[in-house]
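Positions annotated as domain 'Protein translocase subunit SecDF P1' by TrEMBL: 57-114. The domain 'SecDF P1 head subdomain' feature in TrEMBL is assigned to 116-227. Residues annotated as domain 'Protein export membrane protein SecD/SecF C-terminal' in TrEMBL: 229-396. Summarising the annotation, TrEMBL assigns transmembrane segment to 7-27, 250-269, 274-293, 299-323, 344-366, 372-396.
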Amino acid sequence: MKRRGLAIVVAVVALIAIAIVVLFPIYKSHAHLGLDLQGGVQIRLEAPKGTSDEDMRDVMAVISNRVNGLGVAEPEIRREGTNRIAVELPGVADTEKAVKLIGTTAKLEFVRADTNEVVLDGSQLKNAAAVTNDKAIEANDQFGVSLKFKKDGADAFAKATTELVSKFPTGRDPQRVIRIELDGQPISSPFIQEPITNGEASISGGFESMEEASNLSMLLNSGALPVKLDIIEQNTVGAQLGPDAIQKSIRAAIIGSILLALLILVLYVRPGIIACLSLILYALLLAGTLILIKSTITLQVIAAFLLSVGMAVDANVLIYERIKEELRQGKTVRVATKAGFEKAFRTVIDSNVTTLIAGVVLIILGTGEIRGFAITLCIGIIISLFTAITFTRFILNHLISSGIVAKPEFYGVRRVAKEEGK
């Protein structure tokens with residue numbers, strides 16, 4: 001029994017050590033820093049008053065598609081109030097480009113020049129792609145956007161081009177044109193040489209670079225915004241903590257953790273090692289959960305992380321102090337441990353549940369950074385309850401069975417008793 005208990009403890013310690021070595025590089029490569037840690041662009045947009053919830057959901061979906069087209073890692077898009085949307089783009093430096101791509105309505109229409117009738121619109125577009133024209137004579141004709149229509153769009157386009165060719169036999173007749181308009185502004189006015197029945201078209205001319213053509217194709221693929229948005233705020237946000245400050249913060253956290261571990265070991269001797277293992281496991285699980293849910297690491301998230309670490313330490317302290325109280329009454333280590341966990345359980349649960357309730361309220365009512373803080377805090381509390389109550393008890397019982405912490409003095413009780421007798 002003693003060997004089995006010791007073997008289980010050694011196996012758990014080995015697994016935690018392996019997890020640290022294996023998971024640390026993964027955490028480092030997959031952690032996404034927020035605006036306050038790496039800087040970026042912050043934009044706030046406002047829809048007209050009275051915009052329906054359905055339209056606001058569509059707006060957020062379109063903006064999300066456009067932001068994904070920018071290649072931004074872990075952007076934050078959130079609704080504020082009834083008709084405002086905040087967009088945070090960590091790592092983006094070009095505010096003007098971001099505003100143009102996100103705030104443009106991008107309402108695409110094909111309009112007959114002879115009747116000003118809208119032949120088809122962006123909703124009938126299947127795909128848009130930026131292309132190059134190596135045979136272009138003019139510089140601004142080198143880049144363009146090829147368009148492919150859905151079946152209803154292809155049919156409508158074929159009908160309109162066939163009618164124009166039949167109605168205006170002269171190829172260069174100014175009426176034999178279908179204007180391509182974006183947000184009511186003509187961006188291309190091609191002459192229709194012959195009926196176009198293959199469901200394809202192109203926009204050429206006016207693009208100074210491949211990037212401009214790519215931006216337009218991205219806008220068209222993401223779809224048009226259902227309502228016009230006004231830009232009410234746009235900022236380029238600098239990182240509040242530079243790389244040097246972040247490194248110093250990490251160093252300070254490591255030093256603080258070492259000092260905390262030493263204090264726990266001094267107070268609780270051998271069981272203090274279990275408390276340290278419990279805290280290491282807690283940090284691994286919390287960091288892993290934040291990476292898994294793709295949480296953006298901000299100063300608020302770090303603050304919640306540290307607060308929940310403090311609560312995890314507090315839970316271990318409560319449990320060990322109750323065990324020491326039982327040992328001072330002359331109980332055996334096994335009996336004292338069982339009684340200590342039972343007496344500390346309600347206190348630990350009460351203190352954590354009250355904080356958890358406050359965190360849930362912040363998640364429901366809060367926005368942005370407040371929700372990030374609250375989510376991290378709630379996850380941390382749940383994990384700390386597991387590590388303090390389940391993991392610590394499991395390891396401690398096996399160490400007692402193996403004889404490693406089977407004597408009261410291993411908890412520092414004898415030393416406390418002497419100090420009290422002075």
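From the backbone N, Cα and C atoms, a Cβ is placed for every residue, glycine too.
Tertiary proximity for the transmembrane segment (372-396) is limited to same-chain residues at least six positions away from its ends with a CB under 8 Å from its CB atoms, namely 9, 12, 34, 271, 274-275, 277-279, 281-282, 285-286, 289-290, 295-296, 298, 300-301, 303-305, 307-309, 311-312, 315-316, 319, 337, 341, 345, 348-349, 352, 355-356, 359-360, 362-363, 366, 405. When each of the listed stretches 250-269, 274-293, 299-323, 344-366 is scored by C-beta pairs under 8 angstroms to the transmembrane segment (7-27), 274-293 comes out highest. Proximity of distant same-chain residues to the transmembrane segment (274-293), defined by a Cβ-Cβ separation under 8 Å and at least 6 residues beyond the stretch ends, is recorded for 12-13, 16, 19-20, 23, 26-27, 30-31, 257, 260-261, 264-265, 268, 301, 305, 308-309, 312-313, 316, 320, 376, 379-380, 383-384, 386-388, 391-392, 395-396, 399.
Note on the transmembrane segment (299-323): residues 34, 36-37, 240-241, 260, 264, 267-268, 271-272, 275, 278-279, 282-283, 286, 290, 336-337, 339-341, 343-344, 347-348, 351-352, 355, 369-370, 372-377, 379-381, 383-385, 387-389, 392, 411 of its chain, located 6 or more positions outside it, place their CB under 8 angstroms from a CB of the stretch. Restricting the average to the domain 'SecDF P1 head subdomain' (116-227) gives a pLDDT of 84.
In the domain 'SecDF P1 head subdomain' (116-227), helix, strand and coil residues by DSSP number 36 helix, 35 strand, 41 coil. Residue counts for the domain 'Protein translocase subunit SecDF P1' (57-114) by DSSP state, with H, G and I taken as helix and E and B as strand, are 23 helix, 17 strand, 18 coil.
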